[in-house]
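Following: one structure in structure tokens, then a few remarks.
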């Protein structure tokens with residue numbers, strides 16, 4: 001058995017990223033340690049962690065460069081501040097009692113270290129790698145993260161280097177702005193004026209996709225890179241193919257019509273799950289949504305109770321939302337759509353809605369920002385992590 005730890009600390013070109021393995025010298029970590037020291041690789045030469053020349057840290061630690069070292073400047077950074085930082089972090093942890101009840105002569109540590117080719121500041125390189133090594137080591141010893149922490153954090157996480165956040169819908173209720181538009185100028189205006197908010201979803205409506213194709217998702221993404229974007233394709237056939245097309249276009253969710261054959265719906269849901277996007281069933285003109293959900297072998301992420309624009313003057317009737325959630329096994333978001341106005345938001349939420357789909361009340365407003373804020377005020381939901389102080393993650 002061996003333990004695994006990881007940590008990223010710092011900023012700019014000098015940031016440090018350490019992947020760490022700790023295990024018995026008699027096991028796979030010990031074998032990998034011996035192979036690393038005895039089988040050198042050009043540009044990725046492993047080096048033992050020493051506090052200073054002739055002073056090996058304990059437990060014995062080998063450092064593996066993650067990035068090919070192409071010039072002497074990078075070599076000096078790896079054999080200088082990185083080597084010293086890793087060794088000192090391990091030695092300090094030993095002094096602090098991190099290895100209590102562990103035979104330090106019986107274990108080995110492998111630390112993979114990242115040095116950006118543009119890194120220059122030795123002081124920052126040292127301090128960031130020291131912190132990252134120490135944090136990675138303690139995470140390994142603590143078996144961090146536990147399952148509860150991982151599940152809690154996974155959908156609110158933003159990768160430090162990726163540059164954008166993949167939104168997930170774990171904190172309802174949400175406001176979905178439906179852009180059933182055919183003018184890209186108007187689309188740009190809406191995207192510019194709708195406030196940035198964790199509880200806003202952007203929908204590329206069916207007319208918009210029919211006119212401009214799925215490429216419109218990419219255009220929306222350019223203006224709102226962190227938005228949760230729905231491709232309202234109302235799939236009726238080739239469910240798996242069209243769901244994959246939506247994912248390839250960078251949509252976060254795809255809509256399949258509840259009037260489609262059951263096999264088409266199931267294929268769309270399965271494909272959406274496979275590629276990591278949400279599946280939505282539009283229940284427009286479906287007489288018994290709960291019954292449809294119940295008979296599906298794979299359940300959708302979201303059900304949209306959608307009254308068509310042509311019939312939205314009729315009374316607000318969203319059906320038995322609790323029955324639909326029960327049919328889906330309890331883990332289902334329900335969206336209500338069609339003529340949603342500010343004065344009926346509370347009724348929809350009380351009925352069990354998780355997502356309020358609003359179109360013309362926002363997109364046709366003379367003050368799009370203010371109109372959106374009115375709906376958001378009704379949701380009574382603060383920004384995710386607004387008051388959270390971020391440290392390690």
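Even glycines carry a Cβ here, placed using N, Cα and C.
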In Swiss-Prot, the substrate site includes 19, 66, 68, 83. Which of 40, 48, 135 does it also list there?
-> 48
Per DSSP (three-state), residue 66 (substrate binding site) is coil
Including all protein chains shown, what's the count of other C-beta atoms within 10 A of the C-beta of residue 66 (substrate binding site)?
-> 12
Secondary structure at residue 48 (substrate binding site) (DSSP, helix/strand/coil)?
-> strand
Cβ proximity for residue 68 (substrate binding site), under 8 A, sequence spacing 6+, ordered by residue number, returns 43, 44
Close in space but at least six residues away in sequence, with Cβ under 8 Å from that of residue 19 (substrate binding site), the same-chain residues are 4, 5, 6, 66, 111, 112, 136
Where does residue 19 (substrate binding site) sit by DSSP, helix, strand or coil?
-> strand
All chains considered, the count of other Cβ atoms within 10 Å of the Cβ of residue 83 (substrate binding site) is 23
